Amino acid sequence: MAQPEGTKENPKKYLEQDYEQLKAQCLASNTLFEDEKFPAGQASLGSNKMGPESSKAKGIVWMRPLEINPNAEFITDGATRFDICQSTIADCGFLSTIGCATLSEEYLSLVLPQDQNFKTNYAGIFHFKFWQRGEWLDVVVDDKLPTRDKKLVFVKSAEENEFWPALLEKAFAKLRGSYEALEYQYSTVALQHFTGGVCLWYFLKKHQFPKIQRAVKSKCLLTSSTGAFTHDKNLVAAHSYSITGAEEVSYKGEKVQLVRLRNPWGYKEWTGAWSDNAPEWNDVAQEVKDALLTQKDDGEFWIPFLDMVKDYESLDICHIAPSKEVNVEEPHWSLMQTEGSWKKGDSAERFLADPQFRIKLEVPDDDDDQDAAEDKALCTVIVALMSKEILEKVPDFLLYQLPKEVPTNLLVKDLKAMARERVNNRNKEYVGCFQEEGRIT
């Protein structure tokens, strides 16, 4: 049975460009594809920091991978987070998102069709899948990439002949309007485009290690950013890192909470306690050391969580519902998605006319950090409200806890007075999630 258009299995053709059709036309005419809707030129770079008078745009030459490296490959030995490196110009938020997506082949398969190469039926055309405004899109690009002195100026791979990161970046730049638009990209926006998940942003606090550990275990994608200033030890200020692990380690009779981070540059690692060559590793069990430690300058490192909260300010967590492509064993999430609109005189400006949904929570959380007995039966629900256009007034939603038996004569004033306060107080954390869409040009 054919899947509806806009699903993962049958993504909508972005800008009405059909990958298979365009590729077949190029092969039949023995030509290489040139994308008129995202041309290899100044307009695709940007108009401000990458504008025609900008020093960043000077000397850029658009080249195909086989012109850069005659042994070009789309993917060499599988795509991993260690493939991603920052070149002379790039956005660390976007890079950390790619690093997250490569933690699992399942996630990468959502975005990256891997049956692409520079040999068999090569036509200079590639395609990638992104989620936007409630549906999956198939984005087509040619393989002309911006270079300077035959070197990529944006994202590159650690392998000189591997080009999937640069082509993925080009497709995402097309979706967002230009390469320059990626510089202003929040990690949560990119995570959402890559997965279709619900992304939450937090101020990083010292009590959140269990949250991070649970999120890693349940295959969420996580990033964290440093503040404008750091205590140094080789950390980069105002920089986004991927979170790739979280473990508690026994050390001299105590438990130490460690978080594994990766710098998207592919180098420049934390040099403090529990870094690659730190003496702390000499006092842990050998099997733990073998399982966790890799002494390599690859941008990935372990850091004590208490040190992390001193220099890192934000935490982004992207929750992804299980699907055929993504197998999430625990906790088990279920997903419901609906669309609607506010219409003057119909579904707007009146409380009872607003879209309303009743949710019944039956499976309690299994939270190790919930100590109070009264919290044992709490359930987690994430509500995300998305606007399909950027609005001057941000829409909002309210949560009410209803009694098991709702009175038939319930008045609006009774509902508004009813236990919203209890919802906030009983939950350890209440996060209102609003996401908006817009195309930056």
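Using the three backbone atoms N, Cα and C, a Cβ is placed for every residue, glycine included.
Source: prediction; values computed, not measured.
TrEMBL has this to say about the protein:
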- 32-321: domain 'Calpain catalytic' (DOMAIN)
- C92: active site (ACT_SITE)
- H239: active site (ACT_SITE)
- N263: active site (ACT_SITE)
How long is the line from the C-alpha of H239 (active site) to the C-alpha of N263 (active site), rounded to the nearest angstrom? 8
For N263 (active site), what residues in its own chain, 6 or more apart in sequence, show a Cβ-Cβ distance under 8 Å? V236, H239, Y241, E269, G299, E300, F301
Would you count the other CB atoms within 10 A of the CB of H239 (active site), including those on all shown protein chains? 19
If you average pLDDT over the domain 'Calpain catalytic' (32-321), what do you get? 89
